[in-house]
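Data first, discussion second: the structure below is written as structure tokens.
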Amino acid sequence: MAAPKVAVVGAGVIGLSTALCIVETCPSCSVTILSEQFSPNTTSDVAAGMLIPHSSPGTPTHLQKQWFKETFTYLFAISSSAEASEAGVHLVSGWQVFKNPPKEELPFWSDIVLGFRPMSKAELQKFPQHRFGQAFTTLKCDCPPYLLWLEKRLKVTGVQMYPRKVADLWELHSEYEIIINCAGIGAQQLVGDEKLFPVRGQVLKVDAPWVKNFIRDGDGSTYIYPGIHEVTLGGTREKENWSLSPDPGTTKDIFDRCCSLEPSLRGAQDIKVKVGLRPSRQSVRLQREVLSRGGVNLLVVHNYGHGAGGFSIHRGTAKEAARLVGECIAALKGSSSRAKL
Amino acid sequence: MRVAVIGAGVIGLSTALCIHEQYHSLVSCLEVEVYADHYTPHTTSDGAAGLWQPYVNDHGNPQEVLWNKETFDHLLGLLGSPAAVEMGLFLISGYNLFTQPVPDPSWKNIVLGFRNLTPKELDLFPGYSYGWFNTALMLEGKSYLPWLTNRLVQRGVKFFHKKVESFQEMFAQGVDVLINCTGLRSGQLQPDPELQPGRGQVIKVLAPWVKHFIITHSTESGVYNSPYIIPGSEFTVLGGINQHGNWNEESSAQDHKTIWENCCRLLPALQKAKILQDWSGLRPARPRVRLERESIRQGELQGEVIHNYGHGGFGLTIHWGCAMAAARLFGSILQEKKVPSPPQPHL
């Protein structure tokens, strides 16, 4: 059978990492990436890219843990290699602080990040409004560098990338045999998934190079994440808000909340505002589907709905998606050999 | 009462500030002046990365341990203030790495969150089997010295660009008390065989993805002769040179190669870092800090000297505790001289 033709729809962190996993596990596949947006204009580019998992209520904890661990291990190796700066992957230490006792003393990911422990009283003195805290070291994937690095690795293997807004998966059926749907928030329109909804996040990207540690309020609403060239200050979580326009009142609110956690931010320069729509869902949709129309089958692998946790589990879900692609290829081979009888 | 501080590194400027802050309202006509042949950015303090960290092995001097603590606590208290960024003061976390287990340092409870490294963390650093993680402070000399200078200027302290050749020359001019903060070249004012240069060289690079300090230690090489990486607010400092007795202030190609190769082995991602420049400086090394009074008498000239030098590679780390101690010595001089206070307002 000729090399299966695979189209990946979406070029955010999920689309690019899934394409890379497919190429790694199926070198004979011909993979093409089609996306309305590429870096620096994807949702992933707005995110800070911190490896701190978010709860996905519909996904079994053991799976979340497995995907996070796979992602962390993968990025950990990159961070200690010569590629780290080009890939934008680096270690960062810091604190998660709580005004009220945290729901879990030991989150499921506490033994995957490095050096996780409760904060000492002396450390908590820096946060007079908070009474509990956790200290740990984790990884950060800066975007655009990480996405551009993935694109570069893909191009080296011969993967083609085209800007294209796919309105319907059936558009692709004559050119491609397997479609990987990594359309993120775009999946709502693309496949009509009403369980998918945006959670709008506004962030500030500022110049404050003296900030070397991350600080995060355990309620998830306020965070300070130092990246290579900018510090990301956040944020908001607005369910069902589709607006991509920055809101000035929100900007001031985010800045004030972050300054109360880290007063030195008052001296931050060059404040840029960005907005992204987290593609949120009860659980990540990671499954095969066979679409049928007029006797024709279209093999689809869905990999979308990562909400606030895309970076944290991207490699794990990409590997699972690649495994599902393997199943699709086996199915194609099976049906083509049956056709010969 | 004329007080002249000789030396404008971190020790001289902070001592001048401490003395002026504590005594100018208690002493009528207190004049504080600073004399130095080098000012920021050309002092030894300017070249240091600025990491607050005492040596791993104390000389066992409990006074120095206390001065280190005073300095850390003082700086920690200033972290949340609006001045912090201007001072070059910020928190930083990082790693100390060893090839074998070592006892905990005297400063383990001074820094924040001190703990041993986990096996997974040690995987990051092949060749090192033991280590510590903690959060400490950075105090960048290139920002801190101008900040101290501004505070002093605001207080009316006068500055003179001049190389002082002797204590006597200052007493002859009418100076009452000298504060000797001449660091490495104290020996030129008064021979001190215990004071030796600890020559250091560093490479400044652009590596903004590095967010932690990484300091390695080797019992064979000795303190600061083992690679270290310290990220600052504008550039990252690579180092690991400490040559006792070497007075050469020129950067050496051999040392550059040593630093570069060792640091890249420690952190392979550094290979892509952009090299900005090398810098060399001489740590004013001494078995212990000289912080004491001395009465100098030569013929008709007499005066008091407070020595505050010999802070080796931990000047920024210990400076405030020493400045306060020097100010206390100044206070005792005032008491002995029964210096008059300013007149009290009559109501």
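Cβ atoms are placed via backbone N, Cα and C, with glycine included.
Those TrEMBL annotations? Automatic predictions, nothing curated.
Database features, via TrEMBL:
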- A:1-19: signal peptide (SIGNAL)
- A:5-324: domain 'FAD dependent oxidoreductase' (DOMAIN)
- A:T43, A:S44, A:V166: FAD binding site (BINDING)
- A:Y223, A:R278: D-dopa binding site (BINDING)
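What TrEMBL annotates, mapped onto the structure for a quick look.
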residue : record              : contacts (Cβ under 8 Å, 6+ apart)
A:T43   : FAD binding site    : A:G12, A:G184, A:I185, A:G276, A:L277, A:R278, A:P279, A:G310
A:S44   : FAD binding site    : A:G12, A:V13, A:I14, A:C143, A:L147, A:G310, A:F311
A:V166  : FAD binding site    : A:V9, A:L34, A:E36, A:L172, A:A183, A:L190
A:Y223  : D-dopa binding site : A:A48, A:M50, A:F214, A:I215, A:R216, A:D217, A:T232, A:L233, A:G234, A:G235, A:C258
What span in Å does the FAD site cover, taken as the longest CA to CA distance among A:T43, A:S44, A:V166?
19
Can you tell me whether DSSP puts A:V166 (FAD binding site) in helix, strand or coil?
coil
Around the Cβ of A:R278 (D-dopa binding site), how many other Cβ atoms lie within 10 Å? Please give the count over every shown protein chain.
26
Three-state secondary structure, which DSSP defines for A:T43 (FAD binding site):
helix
